[in-house]
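Down below is the structure, laid out as structure tokens.
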Amino acid sequence: MKLTNSAILAFAASAVAAPSATTPVKPRKAAAACSSAVTLDASTNIWTKYKLHANTYYRKEVEAAVSAMTDSSLAASAAQVADVGTFLWLDTIENIGKFEPAVADVPCNEILGLVIYDLPGRDCAAKASNGELKVGEISKYKTQYIDPIVKLIKAHPNTAFALIIEPDSLPNLVTNSDKDACKKSAAGYRDGVSYALKNLNLPNVIMYLDAGHGGWLGWDANLKPGAQELAKAYTSAGKPKQLRGIATNTAGWNQWDASPGEFSSASDAKYNKCQNEKIYVETFGAALKTAGMPNHAVVDTGRNGVSGLRAEWGDWCNVKGAGFGIRPTSETGSSLADAFVWIKPGGESDGTSDSSANRYDSFCGKSDAFQPSPEAGTWNQAYFEELLQNANPPF
């Protein structure tokens, strides 16, 4: 199926709007770190052994949100969110500075989740979350972004790390190859992802390469080329043994196993059988296996607690009426899905609804988008409270 331009843009933007920089905070307490070096076996599901760490940065955001609430019952529920494990986005060179404070309080039985997200020309088909590095600055990406992160992880061999590698990047090359910005970014994306996979392939690391979601690469016409694009990255990186598979639904809204599916009655549904993320993980997983790449997955359930909210499948920005979803767990009911995790920090905006802003994306002004909303990554108190009130299961 040939997607419309609006659908392609929507799918491309659906995964991410990166968190913004925040002032570093002190760790809340010393942790019982492992007494010896950690070795993660990527041939197994490490989430059955490790719990996703509730990082200190999201905790501080939630604690500030709680202090701003006047409803004591809501505040009590909100306080529980601070204890939910969430990935930390190292989305700029400056934000690598968050690493040391974040790692300081990780116990031995927990794993620190990090999102690697700073490719040159980042988000080539989106407006709300463009990155700091220009197209062509691949050397800067390698030496000033990836290399310092590698050095930091090596300096903490007694801590376990789970990495999500470059949300949106390779899926954009599958569905948006006709766009000038993506054409210009393509070589840097492929080189950068390969470099990241190769150099972050460390014993105490487990990696998942972003694979969009069922409404993006799940279309019949996208499954095979999508799997081949990701597999090429895996191969060009030397088939790193610490790559476990893929991450899906990053910052997304798709249901895990809703049947028949949120958009199953759409006129073009016959061209996409991946009407929920479970079907997508298993269908795309089979394509990955054929292409020669590890095919296990983690799925972002941070904000998918409510279904039926979007006017169109590609609507991705601050979806109105959304709720927190299933808390991180390895009990997924699928042999290919390692865990449900919270990748996008709920409460941080996907993009501004201010149409006069430089980074305004029209999807953030649609009728199904929560308004007003601030710039991508900025805390939105009202939206956090909505996610909390609509949480499924509730807090």
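Cβ from N, Cα, C; glycine included.
Keep in mind that TrEMBL annotations are predicted by a computer and have not been checked by a curator.
According to TrEMBL, the feature active site maps to ASP123.
The Cβ neighbour count for ASP168 (active site, proton donor), using a 10 Å radius and every protein chain shown, is 28. Positions annotated as active site, proton donor by TrEMBL: ASP168.
Annotation source TrEMBL lists active site, proton acceptor at ASP350. Of all Cβ atoms in the shown protein chains, 31 besides its own fall within 10 Å of the Cβ of ASP350 (active site, proton acceptor).
Taken from TrEMBL, the feature substrate binding site applies to TRP89, ASP91, HIS213, TRP216, TRP316, LYS344, GLU348. The number of other CB atoms found within 10 A of the CB of TRP316 (substrate binding site), across every protein chain shown, is 32.
Marked as signal peptide by TrEMBL: 1-17.
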For TRP316 (substrate binding site) and ASP168 (active site, proton donor), determine the Cα separation and express it in whole Å.
-> 13
Densest Cβ neighbourhood among HIS213, LYS344 (binding-site residues), 10 Å radius = HIS213
So among the binding-site residues TRP89, TRP216, who's got the most Cβ atoms within 10 Å?
-> TRP216
Integer Å value for the Cα distance linking TRP89 (substrate binding site) with ASP123 (active site) is 15
Taking the Cα atoms as reference points, how far is ASP168 (active site, proton donor) from ASP350 (active site, proton acceptor) in Å?
-> 14
Across all the protein chains here, work out how many other Cβ atoms are within 10 Å of the Cβ of GLU348 (substrate binding site).
-> 24
Ten-angstrom check, please: count other Cβ atoms within 10 Å of the Cβ of ASP123 (active site), all chains counted.
-> 26
